[in-house]
Amino acid sequence: MSDDKNQIKIKFTTNESDESLKVEETPLYVPVTLKRYGLSEIVNHLLETQKALESESGEDDEERKPVPFNFLINGELLRTSISDYLTRNGLSSEAFLTIEYTRAILPPSFQASFQNDDWISSLDSINRNLSAVTSSQLTITNPKILSGSYDGIVKTYNMSGKVEKQYMGHSAAVKSVKWISPTRIVSCGNDQQVRLWKTAYEGVVDQNEEDEEENEANEGDDGDNDMEKIEDGKTLAILEGHKAPVVDLAVNQQTKRILSAGYDLNVGFWSTNYKDMAKISIPEYDSNVISTSSKKRRKLALQDATIRRRSPLSLLLGHTEPVEGVIFDELDATVGYSVSQDHTIKTWDLVTLRCVDTRTTGFSLLSILQLPQVNLIATGSSARHINLHDPRVSASNTNSEVVNTKLVGHTNFVVGLSASPHNSNMFASSSHDGTVKVWDIRADKSLYTITREDGSTKSKIFGVCWDSEIGLISGGEDKRVQINKGSDISK
């Protein structure tokens with residue numbers, strides 16, 4: 001049978017942790033014409049045979065449902081027939097292939113969408129398993145969605161689409177929002193400000209955080225009376241230092257630090273605790289200017305007149321064009337990364353506050369994401385593609401171009417990236433082409449493309465967030481928070 005050119009010798013292997021999905025790694029011959037579906041049938045048949053043997057021995061008699069699988073050869077997802085793979089890689093049917101199988105990625109279907117009053121620029125989520133919760137003193141039951149909007153308002157949505165809280169203080173478009181803890185959030189916007197907010201979560205207050213503020217209130221800091229009952233959406237502090245719009249944020253709960261991306265060419269470095277930062281005098285507002293401002297701006301200016309101000313721990317200067325994205329290294333909190341319209345990715349030592357590596361690409365970079373388990377940095381560009389970089393490979397000089405892989409599929413700017421919470425090889429991207437795409441770094445094309453509920457791609461998508469409980473959350477010009485989810489989408 002091994003001489004039959006229509007057959008090839010293979011063996012299956014898997015890294016699935018579920019023991020019930022593992023088959024014996026015994027060599028067998030299969031037709032070279034098989035694709036994913038045919039191979040999936042074979043694996044399920046082998047699993048069913050094993051199940052039958054276990055049932056005869058009295059070990060397990062529970063009925064097993066077929067499981068769809070994806071297949072990898074030499075780390076590459078099989079998207080064609082085995083024959084096409086052999087031809088493309090210059091192999092013959094005499095080869096002996098080891099084929100890895102994993103749970104298939106099923107199409108993410110539309111679940112819900114929530115109406116907002118203006119364009120949605122940024123999204124974040126919180127659930128019981130995220131570090132924003134596990135690093136706090138609170139336990140939570142229900143996941144929430146945080147949104148930032150072009151009307152300057154930050155909102156918290158529950159899973160029914162109800163707006164539970166509003167955070168009003170920004171005088172221009174909000175560009176990024178992040179959870180710090182269940183009772184703390186941070187936002188930034190075109191008004192050049194970073195704002196720390198406090199609130200209750202499902203009626204519960206983090207007593208540790210409240211005790212800190214009580215102690216400071218007793219010391220007479222800023223003359224604020226923080227002994228009062230907590231209010232939804234109260235600005236805890238305004239963080240000032242940027243001289244242009246602030247468009248992205250990153251939070252590290254371990255070190256209690258924040259990074260911000262500014263159009264003033266700076267990367268801001270802040271603390272989640274305002275007591276760690278130097279005070280700034282509260283400005284005296286010109287009554288003549290205030291009186292001629294819009295009603296909204298006048299009200300916000302008067303409110304801000306009593307709010308404490310803080311300066312950054314540091315402003316990291318090195319980019320030559322506006323900074324678009326910032327992240328902390330998930331494996332080393334003393335390292336940060338930033339991307340800019342100057343085409344570069346910079347690596348920052350957050351202890352010495354110095355840039356330690358610069359790598360140059362060919363296009364403006366608009367978003368950044370780390371995939372720590374596979375040692376890659378993904379960047380979205382103005383050239384419509386996504387680049388994958390290995391941060392361990394140092395650029396030989398400041399002008400060198402280091403790109404590992406280029407993922408092509410979007411037809412406009414790639415402005416948002418979010419990692420899969422389950423699969424270290426997967427992430428999602430949002431684009432001005434009106435779509436969200438799901439990617440696996442082992443495939444050269446996107447796995448799925450998500451449009452809006454009505455199938456439209458006319459509205460730009462700005463924000464994307466992939467939550468383990470909620471699913472894929474996206475928002476943009478259509479003023480809707482949309483949720484898509486597929487069974488085992490990334491398992």
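Glycine is treated like the rest: Cβ placed from N, Cα and C.
Keep in mind the model is a prediction, meaning the values are calculated, not measured.
Among the features that Swiss-Prot reports, region 'Ubiquitin-like (UBL) domain' is placed at 8-103.
Feature annotation from Swiss-Prot assigns repeat 'WD 1' to 128-167. Panel annotation: around the repeat 'WD 1' (128-167), residues 112-122, 173-183, 185, 187, 189, 191, 195, 197, 199, 201-202, 204, 206-208, 232-233, 235, 251, 253-254, 463, 465, 467-470, 473, 475, 481 of the same chain, lying at least six beyond its termini, place a Cβ under 8 Å from a Cβ of the stretch.
Taken from Swiss-Prot, the feature region 'Disordered' covers 205-228.
The repeat 'WD 3' annotation in Swiss-Prot covers 241-280. For the repeat 'WD 3' (241-280), the list of distant contacts is 131-132, 135, 172, 175-181, 184, 186-194, 196, 212, 216, 221-222, 308-328, 333-334, 336, 338, 340, 346, 348, 350, 353: same-chain residues at least six beyond its ends, Cβ to Cβ under 8 Å.
Residues of the repeat 'WD 4' (318-358) grouped by DSSP class, helix first, strand second and coil last, total 0 helix, 23 strand, 18 coil. Among the features that Swiss-Prot reports, repeat 'WD 4' is placed at 318-358.
Here Swiss-Prot flags 360-399 as repeat 'WD 5'. Mean predicted confidence for the repeat 'WD 5' (360-399): the pLDDT average there is 89.
Below 8 angstroms of C-beta separation, residues 72, 75-77, 79, 105, 107-108, 366-374, 376, 378-382, 384-386, 388, 456-468, 472, 474, 476, 484, 489-491 of the same chain, each at least six residues beyond the ends of the repeat 'WD 6' (409-449), sit close to that stretch. Per Swiss-Prot, repeat 'WD 6' is recorded for 409-449.
Swiss-Prot lists 456-491 with the feature repeat 'WD 7'. A Cβ distance under 8 Å defines the sequence-distant neighbours of the repeat 'WD 7' (456-491), meaning residues of its chain 6+ beyond its ends; these are 103-125, 127, 129, 143, 145, 147-148, 157, 159, 161, 412, 415-423, 426-436, 438, 450.
Outside the repeat 'WD 4' (318-358) by six or more residues, the chain places 244, 247-252, 254-255, 257, 259-267, 269, 364-370, 372, 377, 379, 382, 389, 391, 394-395, 398 with a CB less than 8 A from a CB of the stretch. Nonlocal intrachain contacts for the repeat 'WD 5' (360-399), taken as residues 6+ away from its ends with a CB within less than 8 angstroms of a stretch CB, comprise 321, 324-327, 329-331, 337-345, 347, 405-419, 424-425, 427, 429, 431, 433, 439, 441. As a summary of secondary structure, the repeat 'WD 1' (128-167) carries 4 helix, 16 strand, 20 coil according to DSSP.
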